[in-house]
Amino acid sequence: MTTLAFDEDVDEATSLLARSRSRSRSRTAKITPLPKLQLATVFAIKVLIPICGTQVMPYINEMMEKSGLSKGAGAGYYSGLLTSSFGIAQLLSMYPWARLSDHIGRLPVILIGTLGVALSSTFFGLSKTFPMMLVTRFFSGIFCGTTGAIHSVVGELSDETNQSTAFPLYDICSAIGFAIGPLLGGTFANPAEQFPAWFNTPFFDAYPYILPCFITSLTAIGASLLAIFVLEETLPAKRRVQAHEREAGRERESLLPPIDIEQITPPTARVLLARPLIRAICLASGLLGFIAGSFNHVFTLMAYTPVREGGLALSVAQIGRAMFFMGASSVCLKLCMPLLLRRFDSLRVLRAGMLVWPLTFAAMPLLSLAAGTPGQWLGIGVVLVMSRVGTMVFSIVMILVREHAPGPASLGATNGLTEVAQGTFGSLGPTITSSLFALSASKHLLGGHLWAVFMVVVSALANGVAEWIKRHRDVSRSHVD
């Protein structure tokens with residue numbers, strides 16, 4: 001067993017990492033120009049997914065109350081189920097979508113996803129019963145599960161000389177979508193009340209959440225048009241076929257990085273997970289998904305819950321603005337990521353970002369103490385910025401996948417595995433933390449803050465996984481050297 005693990009490490013270390021080093025030596029550190037139009041198109045498509053996932057967050061607890069399910073902190077149980085259904089659907093679909101993209105191409109998978117988001121978002125806004133809400137959010141999650149294919153496009157458009165720019169910019173798209181989504185939901189929910197001059201009609205009174213959902217659908221249709229008319233196929237095998245089909249003698253200079261294919265048939269999930277470093281990266285991705293998903297949900301629940309139950313008693317519009325600030329601060333922070341990655345090792349940045357999460361959850365109970373005081377919004381702002389520092393490390397996970405995937409043909413599957421891990425843990429987070437929040441409030445466990453203690457412990461475990469990744473990577477590099 002020890003010999004097998006040793007061989008796996010050597011094989012892993014001589015995969016993309018070894019090829020990256022040989023290419024970097026030959027290019028003498030010359031930075032390859034990025035295909036700007038293609039990347040801009042991918043970035044625009046990527047923004048859609050967090051918009052779809054987060055535009056419901058400001059009003060989801062109010063939606064549960066208006067449906068007659070529960071009130072106050074208890075509404076978080078049902079909203080947690082909705083949020084988890086979205087995450088579970090992503091979990092079930094991420095790896096199949098990624099594997100499918102390794103066979104039929106990235107472009108068809110991305111197109112199916114964007115069109116599916118358009119349909120499911122509209123039907124969610126028209127839902128009147130909890131089962132219908134659950135089903136439509138589940139399908140939204142399925143169609144948002146194409147992120148592995150989208151990640152792979154970025155990996156195939158970049159190389160080791162420019163990935164420190166491409167991946168952080170790509171990650172900024174998530175932050176932009178995360179800023180737009182809650183602002184969209186908080187601004188346009190209940191349009192008959194907020195904009196009576198334009199929307200005071202029986203339809204918008206009967207369907208108070210259709211407008212933000214419809215705007216999301218229009219955004220998805222726009223992303224589909226970009227995929228059809230602008231985005232090029234990047235799957236190496238497909239590009240080779242396209243190259244052979246060109247007319248003889250016709251030369252065309254492409255901005256895509258040169259194809260370096262060592263295998264055409266993608267390895268199975270079992271083969272990939274036999275590699276210790278891939279397992280460690282997947283676990284880190286999963287814990288990050290759990291932590292970030294839990295924070296996003298428990299913050300909106302805490303913000304909506306009455307002060308007497310440990311909340312902040314914010315309105316839907318105030319929650320939307322707070323989360324817009326969170327997303328906007330994330331954009332600003334992630335603009336610094338390329339500079340950080342040029343100055344520091346990627347794993348050092350990962351470990352530093354992980355350290356912020358325990359402090360963030362430890363500070364959250366203090367917000368309820370400041371509720372209704374002049375310092376409330378200052379405290380909210382500090383906690384939200386701290387959480388966005390923690391989410392900066394998601395781009396590091398994508399870089400680690402690109403560096404340590406066994407080969408170009410397996411990049412989609414490896415991305416799919418990390419997304420599955422993230423979806424698995426992330427789908428559990430909202431349900432677990434919202435249930436703990438409600439239990440803590442009703443039973444006054446640990447002063448009503450049992451949920452915060454639990455999240456501090458989980459965040460500490462994530463820091464241990466970051467050290468595990470470093471140890472395995474150092475071993476792999478020592479074998480290569």
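From the backbone N, Cα and C atoms, a Cβ is placed for every residue, glycine too.
The feature domain 'Major facilitator superfamily (MFS) profile' is assigned by TrEMBL to 30-466. Taken from TrEMBL, the feature transmembrane segment covers 37-57, 77-95, 107-126, 138-157, 169-189, 209-231, 277-299, 319-340, 352-371, 377-401, 422-442, 448-469.
The transmembrane segment (377-401) makes contact with the transmembrane segment (319-340), as judged by at least three Cβ pairs under 8 Å among residues 6 or more apart in sequence. Counting Cβ pairs closer than 8 Å and at least 6 residues apart in sequence, the transmembrane segment (77-95) and the transmembrane segment (319-340) reach fewer than three and form no contact. The transmembrane segment (169-189) shares the most Cβ pairs under 8 Å with 37-57, out of the stretches 37-57, 107-126, 138-157, 277-299. Counting only same-chain residues 6+ beyond the ends of the transmembrane segment (37-57), those with a CB under 8 A from a CB of the stretch are 63, 82, 86, 110, 114, 117, 121, 124, 137, 140, 144, 147, 150, 153-154, 157, 166, 169-170, 172-174, 176-178, 180-182, 184-185, 209, 212-213, 215-216, 219-220, 223, 226-227, 230-232, 234, 255-256, 296-297, 300, 319, 323, 327.
At the 8 Å Cβ threshold, with sequence separation of at least 6, the transmembrane segment (352-371) comes into contact with the transmembrane segment (448-469) through 3 or more pairs. In summary, the transmembrane segment (422-442) does not lie against the transmembrane segment (209-231): fewer than three C-beta pairs, each 6 or more positions apart in sequence, are under 8 Å. Confidence over the domain 'Major facilitator superfamily (MFS) profile' (30-466), given as mean pLDDT on the 0 to 100 scale, stands at 83.
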